[in-house]
Amino acid sequence: MAGIPDHIQDQHLVEEDQPFDLEDWLPITASRNANWYYSAFHNVTAIVGAGVLGLPYAMSELGWGPGVVVLILSWVITLYTLWQMIEMHEMFEGQRFDRYHELGQAAFGKKLGLYIIVPLQLLVEISVCIVYMVTGGKSLKNVHDLALGDGDKCTKLRIQHFILIFASSQFVLSLLKNFNSISGVSLVAAVMSVSYSTIAWVASLRKGATTGSVEYGYRKRTTSVPLAFLSALGEMAFAYAGHNVVLEIQATIPSTPENPSKRPMWKGAVVAYIIVAFCYFPVALVGFKTFGNSVEESILESLTKPTALVIVANMFVVIHLLGSYQVYAMPVFDMIESVMIRIWHFSPTRVLRFTIRWTFVAATMGIAVGLPYYSALLSFFGGFVFAPTTYFIPCIMWLILKKPKRFSLSWCMNWFCIIFGLVLMIIAPIGGLAKLIYNIQKGTLPNSRCNLPKH
């Protein structure tokens, strides 16, 4: 291994006179006893989330040709950049980059690395938590509407009420102290993600046998066809968000010179990506083939029969998002707790920890209640912040730290990913922002199977 560059030596999170080791208290590095299957289910939980349910809708906005190309290309590129980050986790002897921003400091410099990575990573993790609040609320509402059906049984409960119900569980789960303490929750969440994805495409396939003519051409929705196309690119990008927590997951795995953490981490990541492919490709392709351009923003909203199975699928989504929210919230807790103790000199107490975490849950809940627009949030955040942290920043750091030979295969692959990611970051948020503005102006709330009175 290479020596540690001068600009990243002695990067301590704790002041020299600190009477304890902060790393042993922070949620990311407090426990290092994970293994490859921890890596597998943490990555499945992190990657397979709200994005998979919106893939058929994204396909309807892109069309068969572009949709399949973007779907496959995104899977390949993000697997490659995930491998890069795993390799760079401990590329210098005696140094582990346990957090995304620490690797950014190694590549861009101590200050510039923070300025580049921290805002983007925070935006990703906060936006994921907001979208998961919305998706959890939507799924609970679907369960409610399917169970009661149309007519007099319908209540006046709106999606905002169900977001509040979903958020109440997060106040409890946020009390789990570190990454390894949420392993059980994450494992259940990973199983749930595979389960509801399977139900979604199998139920769609079953419905397809009885469906009449289906149209696959572009259809104007809330925005023009070109803007919808751009929006769909962001929705595709949102489906691959695991890079923002991959180093934090790897930090929980022990490492020795004989058995570096990258081996079990990569093994788990490969297993996770095989599972991701099993979830994403059937849902996207079968869902679009069955419903065409009439598919709803979430594939589960297009499915009504068999009612009991669709209700179960929606509950699986809720259970999965309970764990997935925590996987993305934990690095945010880690950052805030570190700053509060190291810079503002707060004592590391349970009161501090609970206050930080409950404030964060309440903030994401409030934003979700105010902006419950699933597809628009997916496309805007997917392009604006997911494209940089997932598609091209890992490649830029690889070029800086690994320095591959110019015009070599590695050099060319990285520049292709950088250009692809930059284009995605520039054009995708345009469609998402247009859709978000339209929904806010019209006051459009997600569809309901119950005919609720308008106020």
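Quick reminder: no glycine exception, Cβ is built from N, Cα and C everywhere.
Copied from Swiss-Prot, the annotated features are:
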- 1-38: topological domain 'Cytoplasmic' (TOPO_DOM)
- 39-59: transmembrane segment (TRANSMEM)
- 62-82: transmembrane segment (TRANSMEM)
- 83-113: topological domain 'Cytoplasmic' (TOPO_DOM)
- 114-134: transmembrane segment (TRANSMEM)
- 135-158: topological domain 'Extracellular' (TOPO_DOM)
- 159-179: transmembrane segment (TRANSMEM)
- 182-202: transmembrane segment (TRANSMEM)
- 203-226: topological domain 'Extracellular' (TOPO_DOM)
- 227-247: transmembrane segment (TRANSMEM)
- 248-267: topological domain 'Cytoplasmic' (TOPO_DOM)
- 268-288: transmembrane segment (TRANSMEM)
- 289-307: topological domain 'Extracellular' (TOPO_DOM)
- 308-328: transmembrane segment (TRANSMEM)
- 329-357: topological domain 'Cytoplasmic' (TOPO_DOM)
- 358-378: transmembrane segment (TRANSMEM)
- 380-400: transmembrane segment (TRANSMEM)
- 401-412: topological domain 'Cytoplasmic' (TOPO_DOM)
- 413-433: transmembrane segment (TRANSMEM)
- 434-455: topological domain 'Extracellular' (TOPO_DOM)
**OP:** Give me the stretch from 227-247, 268-288, 358-378 with the greatest number of Cβ pairs under 8 Å to the transmembrane segment (182-202).
**Re:** 268-288
**OP:** Run the contact check on the transmembrane segment (268-288) against the transmembrane segment (159-179): 3 or more C-beta pairs under 8 Å, excluding pairs closer than 6 in sequence.
**Re:** no
Original post:
For the transmembrane segment (62-82), which partner among 159-179, 227-247, 308-328, 358-378, 380-400 gives the most CB pairs under 8 Å?
Top reply: 227-247
Subject >> Ranked first among 159-179, 227-247, 358-378, 380-400 for CB pairs under 8 angstroms with the transmembrane segment (39-59) >> reply: 227-247
Original post:
When each of 114-134, 159-179, 308-328 is checked against the transmembrane segment (380-400) for Cβ pairs under 8 Å, which one has the most?
Top reply: 114-134
Subject >> Among 114-134, 308-328, 358-378, stretch most in contact with the transmembrane segment (159-179) (C-beta, under 8 angstroms) >> reply: 358-378
Subject >> When counting Cβ pairs under 8 Å to the transmembrane segment (308-328), the leader among 114-134, 227-247, 358-378 >> reply: 114-134
Subject >> Positions whose Cβ lies under 8 angstroms from the topological domain 'Cytoplasmic' (401-412), at least six residues beyond its ends >> reply: 88, 91, 106-107
**OP:** Could you tell me how many residues in the topological domain 'Cytoplasmic' (248-267) are helical, how many are strand and how many are coil under DSSP?
**Re:** 9 helix, 0 strand, 11 coil
**OP:** Report, as numbers and ranges, which residues of the same chain sit near the topological domain 'Cytoplasmic' (248-267): CB under 8 Å and 6 or more residues beyond its ends.
**Re:** 28-29, 31-36, 38-40, 42-43, 46, 83, 86-87, 89-90, 96, 98-100, 179-180, 330-331, 334
Original post:
When DSSP states are grouped into helix, strand and coil, how many residues of the topological domain 'Extracellular' (289-307) land in each?
Top reply: 11 helix, 0 strand, 8 coil
Subject >> Intrachain neighbours beyond the topological domain 'Cytoplasmic' (329-357), with Cβ under 8 angstroms and 6 or more residues off its ends >> reply: 13-15, 18, 20, 22, 25-28, 99-100, 118, 121-122, 125-126, 129, 170, 174-175, 177-179, 182, 244-245, 248
